[in-house]
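Okay, so here's the structure we're looking at.
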Amino acid sequence: MGHFLTVILNVKNSTVIHIQIYNCNTLNLIQFECGKVVTHRGGTITLPCRYHHEPEDVDPNHIRIKWTKVSDAFQFEDVFVELGRQQKAFGSYRGRVSLERAGPGDASVIIHNITLQDYGRYECEVTNDMEDDTGFVNLDLEGVVFPYYPPSGRYKLNYHQAEEVCRQQDAILASHAQLHKAWLEGLDWCNAGWLEDGSVQYPISQPRVQCGRKDSPPGVRNYGYRHKDDECYDAFCFTSNLNGRVYFLKRFKKVNYLEAVKACQRDDAVIAKVGQLYAAWKIQLLDRCEAGWVEDGSIRYPIVNPRTRCGGPEPGVRNLGFPDKKFRLYGVYCFRRNTDVQSTQAPKETITKPANSTRSI
């Protein structure tokens, strides 16, 4: 009898998936939903994948399990592979990934200490000597999208510079899905910005003349994929949970930028980055009607409950621009990292390689 292999992705609140699956289509004509799991930066998440093979007495040493991250541009990044008693994790996943081992046929992996860069689509591939089947699961992050432009002004960033400024502000370039979700939640921004796939888009909730056409429907405007080196726009960044707390430093007098940096340091903290302020506003519900310096030299303040003297009728992080760092005086937002967080790395496993094994994983 020949071997038959089926991989099953079992996601809570989703239909069980019997596969092969490619781009959310099944070759076996069995109904399913694409799997998605949601967590936040610093969390631990299981990417579910189960398989069933017939006959059931197949040697488990002949089963290879491989996890790969797949980008929107169909670039592949190795995450984890197991063949028999041999295992290997790759790149930034080393020390953070382990198999769940919930029972026979369980190819699920657990990722610890989730980072912003872990967001995306993952492929589970299970192989034996006769079959090679795959399934996909999306790892989503709770967080917030925010528009960003540098002190030099609007439309000054090529793609690579946009990536870097987001990183400097404790964020990554947002995906289209993240920007679309932010638009559904009310984000309205009339300047185009880079997304992580190399496209340039902007969200409009309230159509107006200066943002395309007033009679155009609301939506996410899309300029398509642009030249990453030669064309310049703003950026849409994404950030998630904070391992710490952003707060407005109470002082008797206002300070210039350099004094603000030193004031946070004296308080055993650092001046907050823009992404940290947005995360504190969105996730920790920081609400403060006082303008303060942040790390990039801009003046901002977070409003959860809008009121008359706090910058308009909508919640958000107000931006007063980039004033003179030496002569203009404001308050300051600081960030203090948690110091009591326990390690969430994957448990270390001892792998024994058979003496006569010459197979590569």
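Cβ atoms here come from the backbone N, Cα and C positions, even for glycine.
These come from TrEMBL:
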DOMAIN    42-140  domain 'Ig-like'
DOMAIN    144-239  domain 'Link'
DISULFID  CYS190-CYS211  disulfide bond
DOMAIN    244-336  domain 'Link'
DISULFID  CYS289-CYS310  disulfide bond
Protein Cβ atoms within 10 Å of CYS211 (disulfide bond), excluding its own: 17
Per-state residue totals over the domain 'Link' (144-239) - DSSP helix, strand, coil: 22 helix, 30 strand, 44 coil
Protein Cβ atoms within 10 Å of CYS310 (disulfide bond), excluding its own: 17
Under 8 Å by Cβ from CYS190 (disulfide bond), same chain, sequence gap 6 or more: TYR202, ILE204, ARG208, GLN210, CYS211
Chain-internal residues near CYS289 (disulfide bond), provided their CB is under 8 angstroms and they sit 6+ positions away: TYR301, ILE303, ARG307, ARG309, CYS310, GLY311
